[in-house]
Amino acid sequence: MGIGREVVFGDALPVAERYAAFLETAGVERGLMGPREVDRLWERHLINCAVVSEAIPADARVVDVGSGAGLPGIVLAIVRPDLRIILLEPLLRRTTFLDECVEMLDLRNVEVRRGRAEDMVGEITVDVATARAVAPLKRLVTWALPLLRPDGELLALKGERAAAELDEAEPVLKRLGARSTELLQVGRGMVDSPTTLVRVVAGRGEAVGPRQRAPRRAKGSRKRSS
Ligand SMILES: C[S@@+](CC[C@H](N)C(=O)[O-])C[C@H]1O[C@@H](n2cnc3c(N)ncnc32)[C@H](O)[C@@H]1O
């Protein structure tokens, strides 16, 4: 049994509740959230995103790739005021919603950027990239790894296919020079279904980005844990 939103959000619960109310109303009206998701908004969306915080170091610069209505980026900004978070989203309708959330919730650690991840190489460089429900891992890594500093980390929220997606992404991870990969679960003991993350640690500069030529030999190691 999950231990509840009070424990997960602590003092930030009132802010999370305002965000939830906005998702349930404006989010549904504008087609950013399915009406059927409302009943499971906390368990399946807000709490499962909040527990990703466990995997993010203090004071990190974070980009949430394909933030949509703000998942997980807005939730992380609420529970972790120490993080500086860029919400990256190409669709105007969604960035408008995100801008409204940031203003309404007075989130001072958040910047909303409109654009596609693959067009932000050199413009955004961060310690951690997060992504949920954006693309298969083998495509996501080509977008997200070039946004990371050397040794930065991609944390991709994935479901049951996490291990399979990791296998499928192996060739491209080698080409990109990823140093290591790991499957991990966050939220154990806090939520009924812990969130599965794929963590990919970026290389130290030998990576070949998707817009560069001539793939090089991979130097990445590969690590697995449950
Ligand atoms: C299914 S939604 C998921 C939104 C949110 N992460 C969530 O879990 O609710 C996928 C989002 O990724 C965005 N997206 C698609 N391609 C992208 C790209 N190349 N760079 C950044 N975002 C992208 C879409 O606009 C959309 O908002």
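Heads up, the Cβ atoms here are built off N, Cα and C, so glycines get one too.
For the recorded site, LEU71 (S-adenosyl-L-methionine binding site), the DSSP three-state label reads coil. Of all the Cβ atoms in the protein chains shown, 25 others lie within 10 Å of the Cβ of LEU71 (S-adenosyl-L-methionine binding site). Summarising the annotation, TrEMBL assigns S-adenosyl-L-methionine binding site to GLY66, LEU71, ALA117, GLU118, ARG132.
Annotation comment: TrEMBL describes 213-226 as compositional bias 'Basic residues'.
The region 'Disordered' feature in TrEMBL is assigned to 203-226.
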Let me know how many other Cβ atoms fall within 10 Å of the Cβ of ALA117 (S-adenosyl-L-methionine binding site).
24
